[in-house]
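Working notes, structure below.
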Amino acid sequence: MLWLALGPFRAMENQVLVIRIKIPNSGAVDWTVHSGPQLLFRDVLDVIGQVLPEATTTAFEYEDEDGDRITVRSDEEMKAMLSYYYSTVMEQQVNGQLIEPLQIFPRACKPPGERNIHGLKVNTRAGPSQHTSPVVSDSLPSNSLKKSSAELRKILANGQMNEQDIRYRDTLGHGNGGTVYKAYHVPSGKILAVKVILLDITLELQKQIMSELEILYKCDSSYIIGFYGAFFVENRISICTEFMDGGSLDVYRKIPEHVLGRIAVAVVKGLTYLWSLKILHRDVKPSNMLVNTSGQVKLCDFGVSTQLVNSIAKTYVGTNAYMAPERISGEQYGIHSDVWSLGISFMELALGRFPYPQIQKNQGSLMPLQLLQCIVDEDSPVLPLGEFSEPFVHFITQCMRKQPKERPAPEELMGHPFIVQFNDGNATVVSMWVCRALEERRSQQGPP
C-alpha cells in the first residue's frame, strides 16, 4: 500500500491543502496548510484545540467515497486519509472539477460556548510538528459566517486576495465604471466574480477605500452577495465576490409577476438588511440584482465605500437613470431615494422596458443630466391596472412618489400586501424561471 500513497503525495507536494473542521451545530472553520504531505496527526489536534478550546479531542473522522466515517487516531491513519484525499483531488483535476476542502469531524468534543470563533482562518507555512497560531489564510472566507473587526484588519493587512491567485475566465459584463469577470481562485478552487474598476486616485484614497470595504465582511445576509476581498494593482481595484450563475436581471426579458414577486421579496429583505446597518445602497437597479439557478436573489455593488462611490462618479461622468428626482436635483440622499430606485427597477422588469419612453438606455444607465430632467419635471409613470395586479400597481406607485417622505419606510415595504403575498420562501419558482430563461438563451445562440 505504501507505493500507492507515494504517487498522490509527490504530486501534491506543492499543492495548498484546505482542511475544513466541522463544528457541531456551529458551521465550520477552514484551515489552510502549505505543507500538506508532511502534516502530522498532532498538528491537526493542536489546531482543533484552538478552534474548540473548551473540548477535549483525541481523534477526528473523515468520510470515504461511500460516505462512511473513518476515524483517525495516529500518524499512520493520518497518512491514509491524506492519500485518499489527494487521490480524489487528482481525479477532480483530471475531470476539470472544482477542488473541495478535506472535511474532518472532531470526536469527543463538547459543543463550543458562545465565543467569537466564526470565520477563523488558520494559515501554516511551518514544517511538521510546529505549533500554529490563528492568522488569515489564503482560502475564501465563508460568506455565511461573521468576522470580527480584528480579523478584518488582518485580512486586509495580509492581502488575503491577490491577483497572482486569480485566473480570469469569461467576461460577464461591462457595468458603469468597471468590467466583471468570471474567475477561478487557485488556492481554494472556487469560482468567483471579479469586478475590475479603473480609478485615477491617490494611494491614500486607495487605502481609505480598502478600509471602508471592511464592513462588507460583516454583512451576513442570504440576500447580499458574498464578499471575498479586494485589492489594488496600480490604478485598478479588483473586488472579488460570490459568483451567481444566473447573472443580473437587466439581461432578462419581461418577468412574470408571480416570479417578480418572489424576487421583490428578496430585494426588499436585502435592502432592509443594509439599511439596518446604516448602509445606503445608492445604486439600486436591475444590473445590481443577481440570481442563480438555485432560485437565490442577491444584491451587489452597494455603496458601502463613500470614497469608491465618489471616485467612480468623478472618473465616469454621467447620471444614473435610476436615481430618484431629489438626487438628480442635487438634494440630500436617504433611504427613500433607494426606495424610488427599487420602484423604477421593478417597473422596468415588469414592463420589459424602461418606464420613461423618452429615455433610451441603449448605452447603459449613465447619461447626461438634461436627458433625465423629465424624471424631475413630469409625473411618475404608472403601471396599467388591467395588466398587473392591484397590489403590485400600488407597491410601485408608493415607491415612486415624487416627495421622498411619502414613500414607504422599510417596515412599510415588508408589510405591503404585494410583498406579504409572495413572502412564502418559494425559491423553486425563481429557480425554474432562471433555468428556463438560460436554456432559451443557449438555444438561440446555437452551438459554439
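Just so it is clear, glycine is given a Cβ too, placed from its N, Cα and C backbone atoms.
Just so it is clear, the model here is predicted, and its values are computed rather than measured.
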Stretch carrying region 'Interaction with MAPK7' according to Swiss-Prot (options 18-25, 154-161, 306-313): 18-25
Matching range for Swiss-Prot feature annotation, region 'Interaction with MAP3K2/MAP3K3', among 34-38, 64-68, 174-178, 294-298: 64-68
Of 117-131, 327-341, the range Swiss-Prot labels region 'Interaction with MAPK7': 117-131
Mapped DSSP class for Asp283 (active site, proton acceptor), helix or strand or coil: coil
Pairwise Cα distance for Leu172 (ATP binding site)/Asp283 (active site, proton acceptor) [Å, integer]: 19
Spatial separation of Gly178 (ATP binding site) from Asp283 (active site, proton acceptor) - C-alpha basis, Å: 14
Sparsest Cβ surroundings (other CB atoms within 10 Å) among the binding-site residues Leu172, Val180: Leu172
Segment confidence, the region 'Interaction with MAPK7' (18-25), expressed as mean pLDDT: 84
Distance [Cα-Cα, Å, rounded] between Ser311 (phosphoserine) and Gly178 (ATP binding site): 12
Among His174, Asp283, Ser311, the one of these recorded positions whose Cβ has the fewest neighbouring Cβ atoms within 10 Å: His174
